[in-house]
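K.L.:
Features from Swiss-Prot:
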type	residues	note
BINDING	Thr82, His192	substrate binding site
BINDING	Ala148, Ser149, Thr246, Asn300	pyridoxal 5'-phosphate binding site
MOD_RES	Met1	N-acetylmethionine
MOD_RES	Lys303	N6-(pyridoxal phosphate)lysine
REGION	58-178	region '2 X approximate tandem repeats'
REPEAT	118-178	repeat '2'
Amino acid sequence: MNASDFRRRGKEMVDYMADYLEGIEGRQVYPDVQPGYLRPLIPATAPQEPDTFEDILQDVEKIIMPGVTHWHSPYFFAYFPTASSYPAMLADMLCGAIGCIGFSWAASPACTELETVMMDWLGKMLQLPEAFLAGEAGEGGGVIQGSASEATLVALLAARTKVVRRLQAASPGLTQGAVLEKLVAYASDQAHSSVERAGLIGGVKLKAIPSDGKFAMRASALQEALERDKAAGLIPFFVVATLGTTSCCSFDNLLEVGPICHEEDIWLHVDAAYAGSAFICPEFRHLLNGVEFADSFNFNPHKWLLVNFDCSAMWVKRRTDLTGAFKLDPVYLKHSHQGSGLITDYRHWQLPLGRRFRSLKMWFVFRMYGVKGLQAYIRKHVQLSHEFEAFVLQDPRFEVCAEVTLGLVCFRLKGSDGLNEALLERINSARKIHLVPCRLRGQFVLRFAICSRKVESGHVRLAWEHIRGLAAELLAAEEGKAEIKS
């Protein structure tokens, strides 16, 4: 493919992408395929001679699309949103064209410097404390990670290195192994599974703190666990507070948990993967109160801020906490500016070496939507979730299972877990909408998350009518079974 072909095929691909997204409502949201469907449709080996672009694009529609779950359909209400917007897609195209690997300032100065500035832009949109911003000579700063899971792991490993070095400095004969076997990290019992995985990878104990009636971690429960573990000779070193849990979008109490971590000299990491985008709206910023106590904070613009995956924003108050844990300088990566104090080498802030020019997506989206446009997008999703909540509350057969704060409604049929499992099976088997479940206080609960950029009130109403209809069929069938038994 030469430049002339690229121009022509590029226009065709943009047309295909735009047609796909604008017509996505007409596609079945959840695929009707079985595991292994794709292998028989594709040759067992790569072609010896080139295929044509026309054949490839036809195969996309014939082979790939039947197996796609359409996350951007207005009838997709599962998980949490994954962001999508035309400005971000255009920026991704440019990122692919530039094709730099921005592991250091010297490897691509614009890649590094735009990321630093965009993370400051975003931090100011969130009204983060000044300590988290890079500015021109700040001690903190932001970095784009691949996911919130990565950000949590990076924070845990940095905290682990910091406490090991501190204890070894106080007791020079102390081995790293002796410290590691006593380290304990903590998170709410509602925290994401990636927190547990970070503990496994980091080789430290992770303990779940029981949440309160609103599914939040509170000071009393955390303090009790800390005192118990310290009395047993263990060393608390790391706490993850979640703002907007995956199960029900609950919020740990930072204003209670933060001071405890500060007093105990425990690293506090705040994970707001989904909810963080909402903090650009003044009416939701109070949910972030207490972040001033945190050592690190992250959320995913690639969930709800119209910046395509992957783009997970992470800030730290002290960049030396990261560089102190991860810095390695082989001669082939060194450059003449690294000791100047004027630049950032982001390879020292992350687990991989290589990194894409991801800040281009932020730059395009922030400029083409503006803060007001992004705020309007968030507010619309929140409004739609409250519309669905109202539908549920009006039907005496159903109940809302957790407070609706942002774009997620947790609900269920009043009755057994089996009844709700059967309802979810009917919903997803019909393939008109797509939902996933969670468990709250041991109960099987359905989650309705507002996800698509194109979702409107009409889609929410149709989804609710569909759920109500399937519930009526299910309840009638259950009633019939009961009559037969009696």
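Each Cβ is built from the backbone N, Cα and C atoms, and glycine gets one as well.
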K.L.:
By DSSP, what is the split of the repeat '2' (118-178) into helix, strand and coil residues?
P.N.:
37 helix, 5 strand, 19 coil
K.L.:
Just jot down the residues in the same chain as Asn300 (pyridoxal 5'-phosphate binding site), at least 6 apart in sequence, with C-beta under 8 A of its C-beta; none if empty.
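P.N.:
Non-local contacts for Asn300 (pyridoxal 5'-phosphate binding site): Ser147, Ala148, Ala273, Tyr274, Gly276, Ser277, Cys311, Ser312, Ala313.
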K.L.:
In terms of Cα spacing, which of the binding-site residues Thr82, Ser149, Thr246 are within 10 angstroms of Lys303 (N6-(pyridoxal phosphate)lysine)?
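P.N.:
The binding-site residues passing the 10 Å Cα test are Thr82.
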K.L.:
CA-CA, which of the recorded positions Met1, Thr82, His192 lies nearest Ser149 (pyridoxal 5'-phosphate binding site)?
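P.N.:
If we rank Met1, Thr82, His192 by Cα distance to Ser149 (pyridoxal 5'-phosphate binding site), first place goes to His192.
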K.L.:
Take the Cβ of Thr246 (pyridoxal 5'-phosphate binding site) and count every other Cβ within 10 Å, whichever protein chain it belongs to.
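P.N.:
If we count other Cβ atoms within 10 Å of Thr246 (pyridoxal 5'-phosphate binding site), we arrive at 21.
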K.L.:
Cβ neighbours within 10 Å, counted over all protein chains: which one of the recorded positions His192, Lys303 has the most?
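P.N.:
Output for this query is Lys303.
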K.L.:
Averaged across the repeat '2' (118-178), what pLDDT does the model get? Just tell me the whole number, please.
P.N.:
90
K.L.:
Hey, of Thr82, His192, Thr246, which of those binding-site residues are within 10 Å of Met1 (N-acetylmethionine), Cα to Cα?
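P.N.:
Qualifying among Thr82, His192, Thr246: none.
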K.L.:
I'm trying to understand the geometry here, so how far is the Cα atom of Thr82 (substrate binding site) from the Cα atom of Thr246 (pyridoxal 5'-phosphate binding site), in Å to the nearest whole number?
P.N.:
14
